[in-house]
Structures are given as structure tokens and as C-alpha cells.
Amino acid sequence: GLYFLKLHSVKFSDMTVQIDTLSINTIRTLAADVVRKANSGHPGAPMGCAPMAHVLFSRFITTNPENPLWPNRDRFVLSNGHGCALHYILLHLMGYDLTMDDLKAFRQTDSKTPGHPESHMTPGIEVTTGPLGQGFANSVGLAIAQTHLSAIFNKPGFDLFTNHTYVIAGDGCLQEGIASEAASLAGHLQLGHLIVLYDDNHVSIDGDTEVSFTEDVLKRFEAYGWHTQFITDGDNDLEGITRAIEEAKKVTNKPSIIKIRTIIGIGSKFQGTEKVHGSPLSPDDIVEVKKIYGFDPEKHFHVPPEVYKNYEHFKQKGVHAEKQWNELLEKYTQQHPHEGAEIKRRFSKKLPENWTDHLPRYTPADTAVATRKLSEIVLNKLADILPELIGGSADLTGSNLTRWKTAVDFQPDSTKLGKYSGRYIRYGVREHGMAGAMNGISAYGGLIPFGGTFLNFISYALGAVRLSALSSQRVIYVMTHDSIGLGEDGPTHQPIETLAGLRGLPNILVFRPADGNEVSGTYLAAIENLHRPSVLALTRQNLPHLEGSSVEKTLFGGYVLQDVEHAQVTFTGTGSEISIAVEAAKRLNQAGIKTRVVSLPSLELFEEQSIEYKRTVFPDGIPVISVEALTTFGWSKYAHVSVGMTTFGSSGPYQQLYKKYGFTPENLVEKARKTIEFYQKHPVPSLINKPF
């Protein structure tokens, strides 16, 4: 009775019940085989979640495997990445470009079936999950995107953006802080097209959840403003699961969570325990599982023809749905040509023509301005030119300066706080949730998300920032108060190690612009890089506009700001310290010591330049001194001597702090003299000496 669906309790036709049973049991036995073949993974969750997943894909999810990027497809997120074998099996059955050989290559090098879902690796995977709670936050972003685009583009008779976002989440996901942040935000925003199935199997890696997780989850979500339901028998009650999802779809002013009680690893001799959670079932256990479910134990990776045929029907439903949608879009475009063209442009990731003409440019005669303010100026110039920009702040709008003059808040229309057509998101004090949601917004398509907080507090969000990079999402992190230059708030708020850590991440662009032209160049690079997130580190204090800077030069990541013949020393650095280096170079040149200045707004872009170009920026034989009001860690690659932070900062006006820690022209002049004296007696090591 534990293993087979209770046929008498459902009201579907006998034929439907039989194929449902066969399909669910196929998923369960496949999950056991897939994980066993890899000798690694999590068989229990896929086996326990098979009924709810089958109900979703057979009765609710509309998607087209022949075009996984169809804009109005339903989105499915497996927030609990531990069950990724389940997701791969479903995609295979649905006819995505995922063969049985791909399933057999689960967790193998360069396969389409990595150890946790990765959107850039596997067709049909919407977002990269794995770290618990991330997928949950992504789903909130996916729902935000759908809600916003429907408000912008849907018109009477033309419901173009109507999809739902469905999520399967487990106990572990709901314990993570990011999920709580995102759930709170989703409830406030009344995201009615978000439906979460909570796999309540009472098991985590440490054992029964009674040892650490005993709260009433549904009461918590009810307090967040969610619609809640409870299915007591998720192993058998397909009709109940179906009715609950149907009911959730009717509730359009609240996100929904359905708690579904399941038995993890159902059918295994260790069902219901942590032993089926994180390790493959033993061969003899798999034999018994297959016997229980009526499968031949000698057959491995077996899918009955009836199951393939059943899922082919679900696939064709999606193929037909996209065909109808494409026809609707063409009719829409005839009646609303501007909006139709805009949808097509955005979802092809094309930018408006000549948008870069609107980027502000500066000369040294312009007034000194903080780079956070310069960022605000750029946003004001671009917001109406790039309507796909959608952004906000983690409760620091007035400090991050992320809200443009014509912005309307993204809020439920009923609250009169804004409109769903608005593009400014009040994320609240939820840095991690904000970053996770932005990954989802980006993954949906048609939008470019940005979000702000203090640079130091990106540390709260690093789990999601890392996945922005891994999954190649174009997300823009507007991080202000970028150094000890923020002043009086002191060392609790002053980032020291933060940029070094971000620079260590693959596939991310980190910018610390020195003036207005570099800020504009930073936005140009961030927006045109379709497959990389960007972090913008911006100052609180005013900075002068520099002679020799330009928007275009910023795209090289590093360039010679000021040059002299027969140079004896080069200053380099980023952001607010470049103007200090310029002043120090001026004094040295006046004293007859030939000094160059190199600005390095993005080390990542600089590393992508040719070795010939890099050698023009850092010629052999000239010692280099770096200056950055953050850690010196990492600067040995570009400098022979580094001026930076080796301790935490202090509270006080930034001018006093810069003097205390040596970020002054006087100190740089002295460093330069000593450096030149040293290298007059010693050879200068080449910094750019690697051919590839």
C-alpha cells in the first residue's frame, strides 16, 4: 500500500490512472539507476517527488522542448538541487535534447547532466540551482518578470504573458535565509503566478528534521501573505495534488505554497530515512525496488513505450501552444506595431539602436561628482531609452541613488504604492533575496535587472552573485560606499577584502571607475556583456573628472591615462585613488621624476586584451606602484609595490582616514622615490611576461 497509487481514491479514468502509475514508477526506477550509475547523487528526493512532478508536467506545465526559450512557456524550478536526477528524467521524457546516454552520463565531466542543475549546460533547465534556497529566490524573480511584462504588453484580446512559475522545494530550501527573504518579498508583491510545491519528507542529511526544523512552515508562509494548502498523502493522492494546484491557480493575488507530505526514497528498504538522501541505493536494494514497482530487475534505464508515448502527448501540447502564441503575437504586432517589435527585440537580446549616444561624457572642467551620483545620472539618461532596465535597492535608495526621476515603483496596483508596470523594485533589507531574484528576472528574458546596496553588503548576497556568474546572467550590481572613503560609518561598513573576492570569481566583471567617463564606460560594458554579471563599485565622495579618460578606453579594462617619455615609475590603481595618483605624478614630474599613470577600472577586461596591448600599458623596465583603498591582495600581478589596506578601517571623515592610511599625494611621492631608488640597484621584474 505504501508503494502503489491507491487507485480507488482517485477519480481519473482507469486508463489515466494506469499510465500515471506506470509513469511515476518509471521515474522512480530511473532515478535509482541514474544515481547508481554515477555512484553519486541523491535518489531519495526524485523517488519521493515523482508523483507531484508527474502531475505538474502531465496536467499543468506547458512548454515546448523543440524551442526551450519560447517566451510564454511555464517555468519549472527544482529549488532542491538534490533532486536534479528527477529534473533530467522529466526533460528526457518530454523530448528535450537530453538522451538516455546523457542520463547515463549523470555527474560525468562535460555532460549535459551535471551534479546539480545548470541552466547554461542543459536545455530546459531555467535557472542554476544546487545551493539550497537559490532556486526559490530565482522563482520569485521569474514571477516578477512575468508579472511586469504582462502589465506592460498584455492588452484586451492579447494575453501574451500568462505563464506560471512552478517550484518544487524541500525542507532544506525553506531553512535557508535567502528563501525567507524571497518568500517575504513575493508575498508583499502578491505574485499570484508563483506556485511552490513543498516536498515535506521530514528528512535532511543529518536525519529527521525533528532535530533542527520543527516550525509550522505553512503558518510562516501565511504570515508572509501566501495562499497555503496541505496534502497529507503525496505518495498516492494525485487527485488531491491536482485539485490543490488548480485551486492555487485561481488565487491570483497571492503566491501559493502547497505542503505535500511524502516518503523520501519510497520503495527502498531505507525509505523515509537520511540513508536514501545523499547516497546511491545499493544494487540489491534497486532490485527490490524494481520488483515492488513491477519492473524487470535485469533491465536498467528502462522506459516503457507507453510512458514515452504519454509524454510525447504533453510535448505536443506545448508545440501547439507555442504555435498559437506565435500567431497571436503576429496579430498583436499588426495592431500594436511598436509593442510587438519591442517584444521581439528584447527577447532576441538586441539593444536599441544608438543607445550609447545617450551616455554622458565629461571633461576636466566639469564639477567633481561622486561616482554613485554619476551612476544615477547614467540611469536617468538610459532608463527611458532602455525600457528593459528594471532595478531597485535593498532599502538604500537614497544612498545608492538607483532610482531615476521618471521611475514608478513595481508594486501591486491595488496597494496604490505603484504599479506592476513600474520598473523600480523596493527589495527591502534583503540583499541575498534581491540577488537571487535578479538572477530569475534575467533568466526570464526581456529584462536587464540591476540592484543596489553598499559594497560591503554584497557579502550578504555572495551565494547568488556566484550563481549569476556561473549561469551567465546579465545582472548589474550597483554597489556604493566602496572603500574606507565612506568615512564615518566605520570598519563595520568599510569593505576591505570585498573586491579581491569578487575579482576571484570566474565570468564576472568588476568595475571601480575613477570618474564620469569611466562610469559611462562601465555601464556600456555591463549592458553589452550579455553573458556576464557586473559589479559596479562606486564612491560616496566626490571625484574630479580626469584628463585622458574616456568612455571607450574603459572598455579595455586598463589604459594609459597620462604618459611621459623615459618614464621612471608608473602609478596604477582604480576608482577614487586614481586622482590622488594623478596629483602625485604631477608633483613628481615637476621635480623631474618622469611618472606615468595607468587606470585599471576592470582587471577582467584588461586581462582579455592582447599581450602586445598590455605591454604598452605596463612596459618592461618601469617599476609600478598600485594604489587602492582596499586590500593589497591580488595587486602583485600588476605592481611591484602596493599601497593599500592591510587592516580594517576606522570611523571618521574620509579625508582624515585617507591621510591616516597613506592615500595621499605626499605618501605616493615618497613611495615612488623609494621604489625608484630600489630598482636602480635591482632588475625590474616583468609584469606582462606570459605569452598565453
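Here the Cβ of each residue, glycine as well, is placed from N, Cα and C on the backbone.
Look at TrEMBL and you will find E431 tagged as active site, proton donor. The annotation substrate binding site is assigned in TrEMBL to H42, H277, R372, S399, H481, D489, H493, R540. Annotation source TrEMBL lists thiamine diphosphate binding site at H82, G130, P131, L132, G172, N201, H277, F457. Positions annotated as Mg(2+) binding site by TrEMBL: D171, N201, V203. The domain 'Transketolase-like pyrimidine-binding' annotation in TrEMBL covers 369-545. Annotation source TrEMBL lists site 'Important for catalytic activity' at H42, H277.
Locations of recorded TrEMBL features on the structure.
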residue	record	contacts (Cβ under 8 Å, 6+ apart)
L132	thiamine diphosphate binding site	S79, N80, G81, G170, G172, C173, Q175, E176, A179
D171	Mg(2+) binding site	D199, D200, N201, H202, V203, S204, T209, F213
H277	substrate binding site	H42, G44, A45, H82, V203, S204, I205, I264, G265
S399	substrate binding site	R372, F454, T480, H481
E431	active site, proton donor	A394, T453, F457, I458, Y460, A461
H493	substrate binding site	F454, N456, H481, L486
R540	substrate binding site	A370, R372, T480, H481, D482, G485, L486, G487, Y654
If you skip the near sequence neighbours and keep only those at least six away, which residues in the chain come within under 8 angstroms of D489 (substrate binding site), Cβ to Cβ? H481, S651
Can you name the residues of this chain that are 6 or more positions from P131 (thiamine diphosphate binding site) yet have a C-beta less than 8 Å from its C-beta? G81, G463, L467
On the Cα atoms of H42, H277, R372, S399, H481, D489, H493, R540, which are listed as binding substrate, what is the maximum pairwise distance in Å? 48
Counting other CB atoms within 10 Å of each candidate's CB, the least crowded of the binding-site residues G130, G172 is G130
Which are the residues of the chain, D171, N201, V203 excluded, whose CB is within 8 A of where the CB atoms of the Mg(2+) site average out, their centroid? G170, G172, D199, D200, H202, S204, T209, T262, I264, H277
